[in-house]
């Protein structure tokens with residue numbers, strides 16, 4: 001399709017035999033305009049649902065259900081955002097408790113995954129180990145297990161250990177699914193720090209451990225920060241384990257709590273939208289902070305460019 | 001004395017040796033590697049491998065998590081029951097349609113967007129950032145929100161169709177359209193993923209190749225076919241396989257968007273496992289079902305890792 005439009009643009013206004021160079025330039029411009037239009041259209045389609053969510057979150061209820069839909073000229077209200085944090089009785093809402101739980105669970109599991117994953121990544125990068133490649137591939141493949149399948153035996157395991165409906169249970173399983181990511185992502189960062197730094201430090205009399213701690217680790221801090229941010233996003237967004245392993249309001253994280261809003265007979269879509277906005281905002285901010293590492297991050301550290 | 005020279009070869013030459021401190025036993029490289037790696041591996045063994053082995057054991061029994069009682073050994077009974085079940089065949093077909101449909105759409109769209117962006121000189125960063133937003137959202141938020149937008153009565157999609165003079169569509173409540181809706185929503189969320197990877201591949205293509213081609217007056221299509229595609233393809237293949245594995249595992253979007261309905265028209269294998277395990281309470285059967293799914297994932301993962309390895313070495 002692009003070709004035929006191109007042809008039309010360049011062949012149309014050319015009665016006086018323009019030079020080949022000019023024709024190429026003109027065709028280039030017509031094509032470029034078409035490309036910009038296409039890109040804009042695609043961007044609008046991709047972003048519309050996000051904009052619609054934000055709009056819905058600041059609309060009054062009667063505007064939310066208006067038919068035909070109102071795009072502009074509705075009354076702006078922040079009531080839904082208040083409802084996210086303040087309960088009907090004036091106290092803290094169940095949603096705000098869930099948000100707090102999410103912060104705790106995502107935060108602690110990320111710290112755990114980082115503390116376990118970074119040293120392992122360093123060791124995988126520096127030492128020659130038996131079947132290192134196989135070990136690394138095994139580590140990554142655990143991350144690909146279908147959560148619905150893993151959750152059945154985990155559920156039975158947790159029931160035995162009394163970890164059902166506890167934050168600790170969620171923290172452990174989230175740490176376990178973030179460790180493979182941390183190892184793969186951090187191995188890339190460690191590979192970029194020359195091993196010679198450590199060799200030089202060891203010539204100065206430091207032990208290998210000291211060399212890692214005093215020389216390599218400080219250089220890894222930006223990488224660790226980026227890796228931790230991704231782990232944080234993965235745990236924050238996780239839903240499957242959260243819904244099967246927790247049930248009470250005191251333990252439940254935000255994703256199942258938000259999903260729970262549509263359980264009843266009537267759904268307050270304004271509240272759902274406001275809760276979704278509050279939930280998604282930190283993720284978008286964090287993702288923006290690590291935008292340089294996105295390719296590695298979303299492929300679980302497997303692809304680096 | 002001899003120990004000191006072998007263990008700390010640089011101490012004599014060093015200008016500022018570190019404080020001697022308490023004498024303590026040094027970890028060799030090997031010990032250090034084991035000490036650094038084993039905690040992470042132990043967590044993975046405990047939280048991933050052990051549960052799967054347990055599931056493997058349960059898959060040969062008639063154990064039920066709710067009924068309790070001892071598990072009776074039934075051999076391959078659960079496996080034959082699943083592999084010969086017409087229900088499972090139907091779910092497998094649904095999953096196949098969904099995976100192939102969604103991943104194909106994402107690949108075509110994602111690559112097209114990446115190609116268009118890569119040809120821009122200005123505003124690349126802003127464009128990329130904007131396009132990436134859907135991918136960073138939680139499937140819960142995505143599922144809920146599309147459910148609202150696709151609502152037959154007050155959904156914005158039908159409202160727009162109405163103002164264009166087109167008929168209303170019952171997106172999530174008709175058998176045929178529900179699966180299409182699922183594919184559309186997944187495509188909306190994950191097209192940015194393919195775009196991101198394709199863009200990484202496209203920007204890595206050396207400029208001089210295009211310059212050489214334009215000196216030879218090669219056509220646009222020829223350049224695309226002989227330079228761009230072969231160089232980006234390996235990376236794109238990785239992205240496609242990655243998405244295929246993720247789509248095969250997908251559960252949360254189905255759960256939120258359609259709950260497998262209407263009827264069983266959007267029940268994927270993941271969703272069916274959940275129903276067998278948590279609503280049917282046949283833990284043994286569900287475990288066998290799960291193990292079979294894990295086998296599929298392992299095959300796909302092996303394929304993915306093999307291509308990844310090739311890409312790293314090449």
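Note: Cβ is positioned from N, Cα and C throughout, glycine not excepted.
Owing to the predicted nature of the structure, the values given are computational and were not obtained by experimental measurement.
Per TrEMBL, domain 'ABC transmembrane type-1' is recorded for B:92-304.
Taken from TrEMBL, the feature region 'Disordered' applies to B:1-25.
Within its own chain, the transmembrane segment (B:32-57) has Cβ neighbours under 8 Å at 287, 290-291, 294, counting only residues six or more beyond its boundaries. Taken from TrEMBL, the feature transmembrane segment applies to B:32-57 (among others).
Positions annotated as transmembrane segment by TrEMBL: B:96-117 (among others).
TrEMBL lists B:129-149 (among others) with the feature transmembrane segment. Listed as Cβ neighbours of the transmembrane segment (B:129-149) (distance under 8 Å, sequence separation of 6 or more from its ends, same chain) are residues 113, 117, 155-157, 172, 181, 185, 188-193, 195-196, 252-253, 255-257.
Residues or ranges marked as transmembrane segment by TrEMBL: B:190-210 (among others). Here the transmembrane segment (B:190-210) has Cβ contacts under 8 Å with residues 102, 105-107, 109-111, 113-115, 117-118, 128, 131-135, 223, 227-228, 231-232, 235-236, 238-240, 242-243, 246 of the same chain, all six or more residues outside its ends.
According to TrEMBL, the feature transmembrane segment maps to B:222-245 (among others). For the transmembrane segment (B:222-245), the residues of the chain that approach it from at least six positions outside its boundaries are 99, 102-103, 106-107, 110-111, 115, 190, 193-194, 197-198, 200-202, 204-205, 209-210, 213-214, 297, 300-301, 303-304, 307-308, 310-311, 314, judged by C-beta separation under 8 angstroms.
Sequence-distant contacts of the transmembrane segment (B:286-305) (same chain, six or more residues past either end, CB-CB distance under 8 Å): 52, 55-56, 58-60, 63, 78-79, 81-83, 88, 238, 241-242, 244-245, 248-249, 269-270, 272-273, 276-277, 280. Residues or ranges marked as transmembrane segment by TrEMBL: B:286-305 (among others).
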